[in-house]
Amino acid sequence: MKPILLQGHERSITQIKYNREGDLLFSVAKDTVANVWYSVNGERLGTYNGHTGAVWCVDCDWDTKNVLTGSADNSCRLWDCETGKQLALLNTNSAVRTCGFDFSGNIIMFSTDKQMGYQCFLNFFDLRDPQQMEDNNPYLSVPCSECKITSAVWGPLGEFVIAGHENGEINQFSAKSGEILKKAKEHTRQINDIQTSVDLTMVITASKDNTSKLFDSNSLDHIKTFRTDRPVNSAAISPIMDHVVMGGGQEAMDVTTTSTRIGKFEARFFHAAYEEEFGRVKGHFGPINCVAFHPDGKSYSSGGEDGYVRIHYFDPQYFDFELEA
């Protein structure tokens, strides 16, 4: 399993995302640049230039036409995927932490941080109405006064957004009314990442409380728990196998106090049904900040605190692997 190493960022990677077909991989980092790569060979296709602060999140719509990025420069930007041209600039009062297109690609949501006296908001824009974008006037803005949103994804059919909060709560926010439809509190500490399964029926969370959990998207019923011995920064569900991959590591502050030999920076593979760890992949020189499965399930990528993105293609024996129960 020889990885493809993508070197296009000078600072740590904050998020990576495949498009629906999986031929492109988007990466954003704390160095203001959003990159897009060919996932098959790791060649860089281009960059989306314009942000002036760390870019926290990226998403791509269903037909890979538009790209959305959110940044600490208090803006969310919409780009033409092919040309790299900036189509829209939405200014906010605080850093944009999460962003996403719904399944139709017509509605975008993004959440802003609670900082500098400003509250955390979850904003919804309809791209079919250019006036909303020009006036920077969302059709729905939901204040989250209690606890800021740290990660969010669209639920099935674009009816609601599933958001993870700083205190470990998960909420479903209706995209029509903004009300909270369902709540779940299974984690004890901040949720770092939420990702959906390929059919959007399940979500997986990654939390600072050293666990990753699988939930039903609609009911928010807690299905499985995957336990590790350090904070989990990101987790992803395989589209073809009953596997999940998790990336994590110590807090960035503690990294310098441990030797690299101890590592702890592997990507860990768990069996989704048995909750058993069955494999690890080394590689990064720092905590893994984000992981993502290719939509065909034959490879996965990870982005680290070291500024590298690594694409790993699975060996043939991985697909024949059966966990002895």
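For all residues, glycine too, the Cβ spot is worked out from N, Cα and C.
TrEMBL does not curate its annotations; it predicts them automatically.
Features of the protein shown, as given by TrEMBL:
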type	residues	note
REPEAT	6-47	repeat 'WD'
REPEAT	48-89	repeat 'WD'
REPEAT	281-311	repeat 'WD'
DSSP-derived helix, strand and coil totals, residue by residue, for the repeat 'WD' (281-311): 0 helix, 17 strand, 14 coil
Confidence summary (mean pLDDT) of the repeat 'WD' (281-311): 92
The repeat 'WD' (48-89), counted residue by residue under DSSP: helix, strand, coil: 0 helix, 23 strand, 19 coil
